[in-house]
Amino acid sequence: MRMIYNNSKKIRGKIKFQFPEKQFTSVSLCLRPMTNHSKKKKQEEEGALELFLSFYLLRFTDFLIYLLILFQLKYLSGFGNEHATADPRVPDALPVGQNSPQKCPHGLYAEQLSGTAFTAPRAQNQRSWLYRIRPSVIHRPFEPVEGNGEHWTNNFSSIPPNPNQYRWNPFPLPSKEGVTFVDNLYTVCGGGDVISRTGLAIHQFSCNASMENTAMYNSDGDFLIVPQQGSLEVTTEFGRLLVNPQEIVVIPQGIRFSVAVRGPSRGYILEVYGTHFQLPDLGPIGANGLANARDFEAPVAWFEDLDVEYTIINKYQGSWFQAKQGHSPFDVVAWHGNYTPYKYDLRKYMVINTVSFDHCDPSIFTVLTAPSVKHGTAIADFVIFPPRWGCADNTFRPPYYHRNCMSEYMGLITGCYEAKEGGFKPGGGSLHSMMTPHGPDFACFEMASNADLKPQRVAEGTMSFMFESSLNMAITNWAVHENVDKDYYKDWQPLKKHSTLPK
């Protein structure tokens, strides 16, 4: 969807919305043309008024379009389900009884997208069949992208180790216009290797413009995207998703997508390679709880048939490449399978917590896990700390002091994190590396040690999260010194000696 504002005298005050989708009709909203006056001052006053009205009309119409998209989108419910969907404009596009007929309905091409090996056990096997107007193989050769990835890497082997506690201020929004999602990806830390396909990377993004006639995909692994400011309108080969702050979207390896925004936006990305995200086992919790499978949503099929010059960006072995093609990649009319993008609203998480004593381990807040080959140990866990009740008796209720065999990166979407209410701000982050001590700051310890232990709401109006990994994570050469809160270590320096040991 494109919006054009024409400020020429001939059609002054006209705003026109153009939708590439064939099912929409173009809409025009016209203001009364302004009367010409001979006096320069009067012209300036009326020009200023026109600019003022035009700005607010743009904002209002932008909001109306947002509502149009919101109410138009539909989703398929369930995590890892076998879905089957066709665009309503072509409801009979799916083949009946087979995957690859000699001739597909409506002259479509059949294309399988495999997310696991053919021989993976059935319970873990992931693949989808796509029925599209043109196969994705129609593109010109890939070439390296010059100047892209200045602050991006998947190569952590040559980075000097740094065991210090780190905290970063909120990731800056773009200082210039026209910055898209793919233009401003910033690697903070990571570990493992994309060639052997075992590892992860943590990135941040900020943007203020939509990806026009551009799509990207990740050949190395999956993206779990956490918007912190601004909604993301994500178009994929499987359909469209609207992802707001306090929601997440997962784009599995190889799926092409494009991101549109309606203003300055930023957030976090957890990238894993060699594994896929899955729901954690519930064990003695039982059959229900934590992130319920029914609350995950995949897009319904949607396509556009556009013969335009398109740029396809491919992240391959940690480097960026691009290829040109003469049509939109979002031409999948129907699909079926269980390898899909999906979104999840973090506010739907069912929190498990103690009702007796002590502070539970943060693993009870796991939304998704990307397992390693070692049972019970993750390449990455995605953990959240949502609003909940605290009622533990005779207990220090905030998170305990800790040294961990895992690496912990934390981010804050909104609100104020309970254990550090000062310098940890929305859009910022912190890293506590393997076996590096961490825990509540001085103010939190003193308050919680002397609090009246009544039942109370914890983290009300807050949503924070953690990317936790069994791998050592190296901090990139730029993130070591850019946007760093250099006084972070001072949070713990005032902690006092309270012990009264016998002499």
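Backbone N, Cα and C atoms are what each Cβ position is placed from, and that goes for glycine too.
The transmembrane segment annotation in TrEMBL covers 48-71.
Feature annotation from TrEMBL assigns domain 'Homogentisate 1,2-dioxygenase N-terminal' to 74-346. Across the domain 'Homogentisate 1,2-dioxygenase N-terminal' (74-346), mean pLDDT in this model comes to 97.
Per TrEMBL, domain 'Homogentisate 1,2-dioxygenase C-terminal' is recorded for 347-498.
Taking a C-beta cut-off of under 8 angstroms and a sequence separation of 6 or more, HIS359 (active site, proton acceptor) has the following same-chain neighbours: ALA392, THR395, PHE396, ARG397, PRO398, PRO399, TYR400. Residues annotated as active site, proton acceptor in TrEMBL: HIS359.
TrEMBL lists HIS402, GLU408, HIS438 with the feature Fe cation binding site. A C-beta separation below 8 Å, combined with a sequence spacing of at least six in one chain, links HIS402 (Fe cation binding site) to PRO437, HIS438, GLY439.
Of all the Cβ atoms in the protein chains shown, 20 others lie within 10 Å of the Cβ of HIS438 (Fe cation binding site). Feature annotation from TrEMBL assigns homogentisate binding site to TYR417, HIS438.
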TYR417 (homogentisate binding site) versus GLU408 (Fe cation binding site) - Cα distance in angstrom: 15
Count of other CB atoms lying within 10 Å of the CB belonging to GLU408 (Fe cation binding site): 21
Surrounding CB atoms that lie within 10 Å of the CB of TYR417 (homogentisate binding site), all protein chains: 23
Neighbours of HIS402, GLU408, HIS438 excl. site residues, C-beta within 8 Å of centre, Fe cation: PRO399, ARG403, ASN404, HIS432, THR436, PRO437, GLY439
